[in-house]
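See below for the structure under consideration.
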């Protein structure tokens, strides 16, 4: 069953209408502010410190800014508050399992969905009287909330405009104020990057801690057995719920290794050819073509790997008497390698062309051939940059998801045979989190622990790679 | 004498040098051949690498187009239906409520029986009914809803056949395979051949593919729902990431003092650009869904996650665009008395805008093809309805491709390829727009 509406269509439209009204108010405020500033100097705009437009803008910002911020906060908090109010009003037996223990998060969500669906007028799955009551309550609360929000937001907009309006006089430094506000906005925007990183770290750490409270860290990092299916009933067979991630790490390394074995030679050699040998015309055609390879969505590569490459390898293996799994690491790895080729080649191209020409000419002057110059002079000079690029490519291979989800296996084999099916960290994150989720089971939380490992490893690779690349660039600039 | 001796000495030393030179050139010449060979070899490796990459590119396109082009047409059967109130189970009622509860499926079955009066066995009849898609009943419903007066008359409709018959018509089912291992049994093939000889079966443009949402039945499944979902998601992403990205780039490039704090921001942006996309999905799941209680599967949440992913791309591109505006522009504006912000808003930003837009379009193309983080926030739901607002459950094009690629039905393979072609067409258009924009507004200072 698809999830119930979060905000009904009507409410979405209502909120949109409210935003539009606030924006119209801001425009009106702008016109009034500008008019007022001209009026206070009796039409002689040169007496104003700031241009009339800045006075108008000041009023508009005070009118729209606080009101829209309040609106956003209200809308983001409303569902949580409504949920508590509605669930709190339900009789306690509705919130308990038959044995008297409290309901899990997922069951509560289901209950809430029922209430929302009933409130939205959809056919109720259970004609429970309590749910009908709760739905009525939910609806009335929602309406009250919207009415209150509209009143508060609109009065805030008007009050803000009036407050700013009072300041308008000839010496008022409206431009400086407006510039300060805009500057503040820009600083806030540049903080988003930091907030994102903090958000990633905190959310991964927080959920991983909860996981490690159930499964010890050492079991997770060094355990050799991965079978995250938890037993639903005590008598179930083979559902012990083992969380040893070593098979996943090994599988990830295997597939990434195959990918790099394809991507590094092909990418590097094609970059060298493009930078040193290719005539201008060839370069102009081939470079965009390689960029197409980089622009293809990974889901397309996944489809290609699963439906074309893997069966081809399987058939090839059968014809020479090898048993190739239909989800072999080889197929996923090779397709992933093709995906990474343009990444490696464009990064290496940059560093190779950055090697100063004097070095090439010196080598030619000593009688070296082109390939000798490349092998003995250019590559050693460009090596730090190339290594940095390769490290970035490794981090991409490790974090790549769709190709392996579609073409690699699900079962965690502790194997380094590229013809067998192995699974990777990203595949397991997807399988653990897609489908029904209960946020209190170690099965779900394990995905966050895997995510934390993935984040840490790729972060370390990126930091080292960026450091190497940057250090190298400084040498020649 | 002395001079003669000296001359002799000189000639010997000259000879020495000459002989050494000839020895050197001998060694060099001896090695030249193999050195030139290795030169040619190296060059060939480079060309080979490029050819390999391009062959893969061609192979990818050839397989996808080869598998998918047939999905743009759908096998349809021309069915003449003698409609009657009795067969529809509504007697003489013709109002909307009656049309709603009418049994169109029964009417289709009745017309199939009329078509083949010789098919009498229970099993045969069931096989016969199974050859026509459920879409036939929907087509009849739509035709009658448009014109209820048609009831009681003969209506001729083009109705879709079941996906297995579609595959048979497109030559994807091998008739020589043993009956038990075939999706279509011998009886059905017999009926199909009779349809062919009657000339009532044929290929028509597959409108369902472009107008419908997802469906479990391949012949009724379409990408319109996913396309609308993608549209809402991208709108949210664009509305958030463009202003935030540009503002952040302007601040970092034009205002920010060079200190530890801005260094930290810069390192952060560069790192975020390389964080695996699935980690952003985990962030979205934990923060937007769990903490803020946003709806699962909704384009709003998807757009927010993609915004966070896209910001580094847009910020980096915008900063490069700002950097390429020469300082003389800024100095001229400042010299005429403009404030710093006026200089930037009135002079620098307009000149940098094409570069910023190019970066944004490339970022949006990235976002359009992104799948993994959206799986995390539940955009893999099976959504039949076309989403009406960004708050509704929806899926996006790449996720639809993933879902169809997972379906076992043979007919979904060609539809997956068709959906990929549509997605790639969008991406090519966006990238071409970015290239054109760059070409048109490129300035050399």
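Cβ from N, Cα, C; glycine included.
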Feature transmembrane segment in TrEMBL, mapped to one of the ranges A:223-244, A:289-310, A:399-420: A:289-310
Transmembrane segment according to TrEMBL, located in which of A:146-168, A:422-444: A:146-168
Range annotated as transmembrane segment - as stated in TrEMBL, picked from A:120-144, A:445-469: A:445-469
Folded-back contacts onto the transmembrane segment (A:12-33), same chain, C-beta under 8 angstroms, at least six residues removed: 55-64, 67-68, 71, 75, 146, 149-150, 153-154, 157-158, 161, 164-165, 168
Criterion met for the transmembrane segment (A:146-168) and the transmembrane segment (A:54-77) (at least three Cβ pairs under 8 Å): yes
Stretch with greatest number of CB pairs under 8 Å, the transmembrane segment (A:289-310) reference, A:54-77, A:248-269, A:330-356, A:377-398, A:445-469 candidates: A:330-356
Recorded stretches the transmembrane segment (A:377-398) and the transmembrane segment (A:248-269) touching, at least 3 CB pairs under 8 Å: yes
Long-range Cβ neighbours of the transmembrane segment (A:445-469) (under 8 Å; 6 or more residues past either end): 200-201, 203-205, 207-208, 210-212, 214-215, 220, 228, 243, 245, 248-249, 351, 384-385, 387-389, 391-392, 394-395, 398-399, 425-426, 428-429, 432-433, 439
Within-chain partners of the transmembrane segment (A:330-356) [C-beta distance under 8 Å, separation at least 6 from its ends]: 254-264, 266-268, 270-272, 274-276, 290-291, 293-294, 296, 298, 301-302, 304-306, 309-310, 313, 324, 377-378, 381-382, 385-386, 388-390, 392-393, 396-397, 400, 403-404, 407-408, 418-419, 469, 472-473, 476
